[in-house]
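Engineer: Okay, here's the structure, questions in a sec.
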């Protein structure tokens, strides 16, 4: 029996398989990145890192719903200096994508310069829906996306991935801005702006009131975004949003995603999701007569 090839090359980086741990709530420390890889992730995106340390919002920061989670963590992170101290002494045998956020193109560029030694690539958080002055507030405008990507590309020779917000009328405008500025890839989607209300307290549950919705409920929205981006752009698209089963993963690949990120499914189903999804993809490829993941990317676009 010939095993189908799961390994991929993305922007010059070699991944054992197309599954990447998404930036979110399961990737704060190196031990979690290593665990993700041991459990079958081909690579890892870190928690978003800023210039100064941030405590994040007070609890409650997460609400579990029947079809996903709403979170408003508030971008808690140790700052770039704390991040460098945290990774000191570690070496990783998988691609480490460092997520960064800032309030201006200059801040993004500064972080890329400072963290280039430890990052195999950068993911630009242009899409967090609940942090004032950051993320989506910057990334909803194509001209801002262009300026940030260009500044980071000028500051580092590492691959640059722009993470796009779905909270906009046409996500391809953002994708084209990133591509025109020299981005090596885009990732989509970040969470959908959302709220949950306690009917007895008669007020929003999250301390920040508004958060980002992720998980199985956002999958069709994410899939459509990936499909539209893959039809429009020449650079790779990394699919994110509600991927929970191998069937979900195959849908995203067929819709044009070159790689996939998984976050909420780890919270809901445990680290085993990486292995289960990889096994399902490999079995699907074999049974359908394909020899590699790359052969099915974008087949649904034709």
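Here the Cβ of each residue, glycine as well, is placed from N, Cα and C on the backbone.
Found this in Swiss-Prot, in case it helps:
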| type | residues | note |
| --- | --- | --- |
| BINDING | 23, 47, 48, 125, 163, 189, 215, 241, 242, 263, 264 | FMN binding site |
| BINDING | 47, 71, 72, 73, 74, 75, 125, 190, 191 | substrate binding site |
| ACT_SITE | 128 | active site, nucleophile |
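So that I understand the layout, could you describe where these features sit and how close they are to other parts?
Structural biologist: Sequence-distant contacts of residue 47 (substrate binding site), defined by Cβ-Cβ distance under 8 angstroms and a gap of at least six in the same chain, are 23, 24, 27, 28, 76, 77, 99.
Taken residue by residue with DSSP, residue 72 (substrate binding site) is part of neither helix nor strand, so it is coil. Using a 10 Å radius centred on the Cβ of residue 72 (substrate binding site) and all shown protein chains, the other Cβ atoms total 27.
Of all the Cβ atoms in the protein chains shown, 25 others lie within 10 Å of the Cβ of residue 128 (active site, nucleophile). Under the three-state DSSP scheme, residue 128 (active site, nucleophile) falls in the coil class.
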Engineer: With residue 48 (FMN binding site) as the reference Cα, tell me which of the recorded positions 72, 74, 125, 128, 191 is the closest one.
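Structural biologist: Comparing Cα positions, the closest of these recorded positions turns out to be 125.
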Engineer: How far apart, in angstrom, are the most distant Cα atoms among the FMN-binding residues 23, 47, 48, 125, 163, 189, 215, 241, 242, 263, 264?
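Structural biologist: Output for FMN binders 23, 47, 48, 125, 163, 189, 215, 241, 242, 263, 264: max Cα distance 20 Å.
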Engineer: Can you tell which of 191, 264 has the least company, meaning the fewest other C-beta atoms within 10 angstroms of its C-beta, among these binding-site residues?
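Structural biologist: Counting other Cβ atoms within 10 Å of each of the binding-site residues 191, 264, the minimum falls on 264.
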Engineer: Of 72, 74, 125, 128, 191, which recorded positions are close to residue 215 (FMN binding site), meaning a Cα within 10 Å of its Cα?
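Structural biologist: Of 72, 74, 125, 128, 191, within range: 191.
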